[in-house]
Ligand SMILES: *Cc1c(COP(=O)(O)O)cnc(C)c1O
């Protein structure tokens, strides 16, 4: 595709000189102005269309990360874009003193798609961490227990639930937690997929068990369906809430609307974000059933931006396209095609694939070098571990695009190994 011809209104007014500044110039300005919590960004991206993006120097990339499982319909999807801009041109923000039709319609749609029972409800946030923060408060409200107040919240080793203090307390990684202690108390982390440890830990003082059906940040590690079923049984038996963090796995990512649907287990609460808005920031907490939904009452939680008309319209449009165009079946097929191809590449030792969430283990600690070599070759992905790669591309990725990556993979891997050996 040729370079974008249109000049945007912001560029016309001289607010953005994306068409003249180079990537290196932008990055110098970045480090002069942005708080250094992310390290140096890999590239400065200026434009996208479908699963393809372009950087400030005009180089084209196949985006196999989708903004970390966010751009469900790729970049600049025409329908999503037009729904967002027409909503913004009609009514952009109202505060939660008022309601708006997109907010109500989206809540109804999410309850429908998740198979939530009568009395289930939705709270909208702006991000995944905020959705989990709301879930944490929900868990605190499940305090009445047979053995005194329920203060214990169980999560898993390897868990990632976000960066605000409550969500961080649920997150396992020491490097993320330690600089910010003390964190909200009561959270214990159990070994991953260990049924005996779970059986021993859930009791009458447990407020909630918080699980990702597939740990994305830990390198795409799926929980066994039996583990999820056991968690459901134990939570029901002891009156604890089963809270599923589907921030990364939800909204079609795994080829189901929600990953839990494969296990047949119904949670007490579920959090969503990433793919929900098709690239527009929005998160959600869904509370399943009347009793759980009654745990949070007026005045106990809130947000200014959460559930605003533009974000909820964006999500409504995203869900509509996924449904109307049969994208879930396409996700399963493209994901299997990629997994088959990847498993056949020498040097790949394991492929963990659910739909278009794919973890790839390599036979050497060259994953970061692979990411760099892939960028040079025109592919965006990331390395959640030293020998692990992750793909979370737009759900609309075509067979031809998947095949292009498969074709390039062996060459990128040998470049990465050579670069690592030369260090
Ligand atoms: C990304 C992620 C979060 C945090 O979401 P943000 O929108 O970055 O705050 C929480 N849980 C899981 C499973 C995630 O993948």
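Cβ atoms are placed via backbone N, Cα and C, with glycine included.
TrEMBL lists 128, 129, 160, 245, 246, 247, 248, 304 with the feature pyridoxal 5'-phosphate binding site. What TrEMBL lists as N(2)-acetyl-L-ornithine binding site is 163, 303. Summarising the annotation, TrEMBL assigns N6-(pyridoxal phosphate)lysine to 274.
Among the recorded positions 163, 274, 303, the ones whose Cα sits within 10 Å of the Cα of residue 247 (pyridoxal 5'-phosphate binding site) are 274. Comparing residue 129 (pyridoxal 5'-phosphate binding site) with the residue listed as 'N6-(pyridoxal phosphate)lysine', their Cα atoms are 10 Å apart once rounded. Residue 128 (pyridoxal 5'-phosphate binding site) and residue 303 (N(2)-acetyl-L-ornithine binding site) are 14 Å apart (CA-CA, integer value). Residue 163 (N(2)-acetyl-L-ornithine binding site) and residue 304 (pyridoxal 5'-phosphate binding site) are 19 Å apart (CA-CA, integer value). With a CB cut-off of under 6 A applied against ligand 1, the binding-site residues 129, 246, 303, 304 are reduced to 129.
The Cβ neighbour count for residue 247 (pyridoxal 5'-phosphate binding site), using a 10 Å radius over every protein chain in view, is 29.
Each of the binding-site residues 129, 248, 303 was scored by how many other Cβ atoms lie within 10 Å of its Cβ, and the smallest score goes to 303. In sequence order, 128, 132, 135, 159, 161, 210, 211, 212, 270, 271 are the residues of the chain that are 6 or more apart from residue 245 (pyridoxal 5'-phosphate binding site) and have a CB within less than 8 Å of its CB. Cα spacing between residue 248 (pyridoxal 5'-phosphate binding site) and residue 274 (N6-(pyridoxal phosphate)lysine): 6 Å, rounded to the nearest whole number. For the pair formed by residue 163 (N(2)-acetyl-L-ornithine binding site) and residue 246 (pyridoxal 5'-phosphate binding site), distance between Cα atoms is given as 16 Å, rounded to the nearest Å. Across the structure, the residue listed as 'N6-(pyridoxal phosphate)lysine' and residue 160 (pyridoxal 5'-phosphate binding site) place their CA atoms 13 angstrom apart. Under the three-state DSSP scheme, residue 245 (pyridoxal 5'-phosphate binding site) falls in the strand class.
Annotation for residue 246 (pyridoxal 5'-phosphate binding site): same-chain Cβ neighbours under 8 Å, separated by at least 6 residues, are 212, 213, 258, 259, 260, 270, 271, 272. If you take the C-beta of residue 160 (pyridoxal 5'-phosphate binding site) and look for same-chain residues 6 or more apart in sequence within under 8 angstroms, you find 171, 172, 173, 212, 215, 216, 217, 218. Each of the recorded positions 163, 274 was scored by the number of other CB atoms within 10 Å of its CB, and the largest score is that of 274.
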